[in-house]
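For reference, TrEMBL has these:
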- 75, 77, 117, 311, 315, 355, 356: Ca(2+) binding site (BINDING)
């Protein structure tokens, strides 16, 4: 049985999608769109400024989209291009409304139908995209915790991304979705996972259980003090990274406060803490700390690295590539693309074209959008 077969049974336990997508940070734009007089349709169609997806304006109604999807999956053969064209050009709020409309019209879930009609990497990508963002992250976290290879960084990255790369409210929604789908808490499953040892385990538990202050206020004196503490914790090759200090600071401070602290660190020591952490070769906690700091303060750096890592070497890591694109297409993929171009002297589009094919490639390129 494939992972999607198991996952669909769990996903059916999650509360209605329209109760969850509201927690996804880019859709905080929805309330302002609605209050400005655009109404519910305008709110659902709101796209974050640095998102890469394009949405038709006006978009068809959820019922019209559901009927078009039904037409694409009925009869002999499936119209894959129609599915990509509809779902790839809708926001999370719109996709949730389509899913509700589809189930109401045809007495089956949209995800069930996609699962039965599609296959391979194309199915995985389109289903992951179609899911509610909180349910998606809950699924990704659960799969990462079930990996058999102990302490592999690419699987730990998933937990860091879920905990740090979105808003505090989104992480709360992920924890609710996880509990509904898997009858256990994300925090408890991370704490009991045999793949991690301390202090990494404590760090990950703190990250997934946090609720950070989302305001912009910062404390300059605290930034000076904690920049010094971080320096003391990470310097000294051949010495263990002082995990307790790192866990406390990175696991609790707001993103705005951490940004000021990291800038103070750079001013005081002439280089960023990420450069110092890169020098600690073979130190897994240092590598995870760097990923967490990037996700919290400059997520485009982390996800550019995720996408690049997925295509380097022999073969493509389709799971990682799909995750990197699907999870940021509605958030900041334009920033990721720019960072990618500067750092790797090529484009996300070129690398996706070079390493994928068929409907899978078309799905990813639809989400990536045109290069600027």
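The backbone N, Cα and C atoms fix where each Cβ goes, glycine too.
A TrEMBL annotation is a machine prediction, not a hand-curated record.
Recorded features from TrEMBL, shown on the structure.
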{"residue": "75", "record": "Ca(2+) binding site", "Cβ contacts under 8 Å, 6 or more apart": "none"}
{"residue": "77", "record": "Ca(2+) binding site", "Cβ contacts under 8 Å, 6 or more apart": "none"}
{"residue": "117", "record": "Ca(2+) binding site", "Cβ contacts under 8 Å, 6 or more apart": "73, 78"}
{"residue": "311", "record": "Ca(2+) binding site", "Cβ contacts under 8 Å, 6 or more apart": "317, 321, 351, 354, 355"}
{"residue": "315", "record": "Ca(2+) binding site", "Cβ contacts under 8 Å, 6 or more apart": "none"}
{"residue": "356", "record": "Ca(2+) binding site", "Cβ contacts under 8 Å, 6 or more apart": "121, 316, 318, 321, 364"}
Other C-beta atoms that fall within 10 angstroms of the C-beta of residue 355 (Ca(2+) binding site): 17
